[in-house]
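Please read the structure below before turning to the comments.
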């Protein structure tokens, strides 16, 4: 009997040994990690006109991180500590990690909560016996200047031109027409005006209802389970149109491709300049993750949940080359899903990864962002500016000539009279 049990357990033991050995090997070869995550649970971005609750239910106001969101981000930090405990120093080392956030309260607070879970102070870093937390820097830039993490950028007219083209596509029109009656009905309930395209108000309504339901707040009678489900479907389709359906590579070059390019450049700096940096953390939004995954061609079509995290790991192989593995943590009950770049199995050689990403990386973002109309306007404006400057210079030159002549007359003529 014992012999039979041993025989039955042998395959499982070897399997576990193989998994453990493989994991240890990958950990030993790990060189650099990038973690891009969405902020935690928040209050609604806005309310709809007929919302019976309005802003009064949210203690810190609309758009703000909730206590549940803080807990979610803290748990994300603890997950990252468990996963990279043998890679990162056990104590905070400013040379090993760099954290950047978009300039929003909820993302800045999410970054801080995650760092609290990743780097609980110990030893000499305990600065107060009653506070098991330490301040760690989180960097940001003004939202109006953030092209790395906040998409789409308002100063990219070509992107909005692409979206106007997208909504003219038959696939888009067919979907919108199928929801026409539904959207008219919801518009009446919410106080919005029904439109022929999927307006942002549809997402606002869904977002408000989702947040209220998540916090056990009663929904209006018209917001049945079927209504909320359809609103979710419409919102997901609307999101999909921003990264798929019509000129996807060009859309990516103007949005998520910017972040892909930055990640590759940062890794190149780490390798070529022998930088001690081991991890980059980006605290951002669902739109950031969608744009990134859209550029990578791994977007699953689902809305990224709170605290979802896209991880990119860079490894050094035995032959000196590097490879890339990607993981997506969109739930907490299981380990992250491994993602494979289309056309390259995981782990993907870095050279192949870079080549596959080339079509979504812009060589001149400002130029690519200029629509035909805005480019012509800019050229016309430049020509007008040159003409105006030429006229001003001409007038100024003529004025100076007249003034000099007058001065010459004033000081030169008396001398002539004296000589005479």
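Backbone N, Cα and C define each Cβ position, glycine as well.
Worth saying up front: this structure is predicted, and the values here are computed from it rather than measured.
According to Swiss-Prot, the protein carries these features:
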SIGNAL    1-24  signal peptide
TOPO_DOM  25-385  topological domain 'Extracellular'
CARBOHYD  29  N-linked glycosylation site
ACT_SITE  39  active site, nucleophile
CARBOHYD  122  N-linked glycosylation site
DISULFID  156-369  disulfide bond
CARBOHYD  188  N-linked glycosylation site
DISULFID  211-309  disulfide bond
CARBOHYD  216  N-linked glycosylation site
CARBOHYD  266  N-linked glycosylation site
CARBOHYD  272  N-linked glycosylation site
ACT_SITE  286  active site, proton donor
CARBOHYD  330  N-linked glycosylation site
DISULFID  344-348  disulfide bond
CARBOHYD  352  N-linked glycosylation site
CARBOHYD  383  N-linked glycosylation site
TRANSMEM  386-406  transmembrane segment
TOPO_DOM  407-420  topological domain 'Cytoplasmic'
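Here the features listed in Swiss-Prot are placed on the structure.
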residue : record                      : contacts (Cβ under 8 Å, 6+ apart)
29      : N-linked glycosylation site : 315, 316, 317
39      : active site, nucleophile    : 65, 69, 73, 104, 106, 107, 109, 110, 283, 284, 285, 306, 307
122     : N-linked glycosylation site : 90, 91
188     : N-linked glycosylation site : 194
211     : disulfide bond              : 42, 43, 44
286     : active site, proton donor   : 38, 303, 304, 308
309     : disulfide bond              : 35, 36, 37, 38, 76, 328, 329, 330, 336
352     : N-linked glycosylation site : 343, 344
369     : disulfide bond              : 153, 155, 156, 157, 158, 159, 254
Q.
Looking at the recorded positions listed here (216, 272, 348), whose Cα lies nearest to that of residue 266 (N-linked glycosylation site)?
A. 272
Q: Report, in whole Å, the straight Cα-to-Cα distance of residue 272 (N-linked glycosylation site) from residue 216 (N-linked glycosylation site).
A: 52
Q: Tell me, roughly as an integer, the mean pLDDT over the topological domain 'Extracellular' (25-385).
A: 91
(Q) Taking the Cβ of each of the disulfide-bonded residues and counting other Cβ atoms inside 10 Å, which one has the highest number: 156, 344, 348? (A) 156
**Q.** All-chain count of other Cβ atoms within 10 Å of residue 330 (N-linked glycosylation site)
**A.** 19
Q.
With the cut-off set at 10 Å between Cβ atoms, which of these glycosylation sites ends up with the most neighbours? Options: 216, 266, 272.
A. 266
**Q.** Three-class DSSP secondary structure - residue 309 (disulfide bond)
**A.** strand
